[in-house]
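Features of the protein shown, as given by TrEMBL:
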{"type": "TRANSMEM", "residues": "26-46", "note": "transmembrane segment"}
{"type": "TRANSMEM", "residues": "66-88", "note": "transmembrane segment"}
{"type": "TRANSMEM", "residues": "108-135", "note": "transmembrane segment"}
{"type": "TRANSMEM", "residues": "165-191", "note": "transmembrane segment"}
{"type": "TRANSMEM", "residues": "198-218", "note": "transmembrane segment"}
Amino acid sequence: MMEREKNFGGFFGSVFDVVGRNITAIAIYTLVVGGINGMGMALGLIEVNDNIGGFNIGATIEQGQSFASVLFTLLGVVVAVVGAYFLLAQFLRTDGRLGTSDTRIWAYIGMTLLSGIGFIFGFLLLVIPGIILLVRWSASSGYLIGKGEGVVDSLRSSWDATRGYSWPIFFAGLVLGLLVSIVVGIFVAAAAYAGGTIVLGFIASLTDAASNAVYYAFGIGVYSVLNDISEETAEVFS
């Protein structure tokens, strides 16, 4: 990946670098994760408003659900989390930043749970702390999967690396989120106009999975910008 400046343009452009190299992987992730959720809705096992994917696991197990429905919901969550891990690993691999061949899926699940708890408490406090954590921990997956650091160390490394760059990362993520919302809105509106509830739910599931893939790409993009390979190579030979 071309080395980018540590500013708004660099962080924002990095996501397109990652996505551009991994279109096939993103398409597979979207079809598998979004397809499973959509299939569950078509079979009546998942509510149309349930969303499965990444850090935003909206699927819930409610009282009165059938055993098959519960199993399908859990299957969707597992596939989403495992799929996210391998997608992130692929992002790092194509950028030459996957420094370990060990599968760190359990560490990733642990970091997902730990950071998720942090985000929840952060947003419950006054919203702003939650946003700060989102920004400062945005590169944590890169450290965990790419460099093989531990769960807490990855969050700490991301926190340290993003120091001084919070505003450009925040605004890059904000603009990206707005663009993704517009694109998703167009697809969902078209589906609502053209089809029924099942079609709408299926399209919403696919766009939700695709959106998560883009956000994962942004996190790896931030990590890549903050960890210039040329600088690391220079340090090795210095």
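Note that Cβ sites are derived from N, Cα and C of the backbone, with glycine treated the same way.
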Of the listed stretches (26-46, 165-191, 198-218), which one yields the highest count of Cβ-Cβ distances below 8 Å with the transmembrane segment (108-135)?
-> 165-191
May I ask you to check whether the transmembrane segment (26-46) and the transmembrane segment (198-218) make contact, with contact taken as at least three Cβ pairs under 8 Å and only pairs 6 or more apart in sequence counted?
-> yes
Same-chain Cβ contacts of the transmembrane segment (198-218) under 8 Å, 6 or more residues past its ends?
-> 11, 14-15, 18-19, 22, 26, 29-31, 33-35, 37-38, 41-42, 48, 51-56, 80, 84, 87-88, 91, 138, 141, 172-173, 176, 180, 183-184, 187-188, 190-192
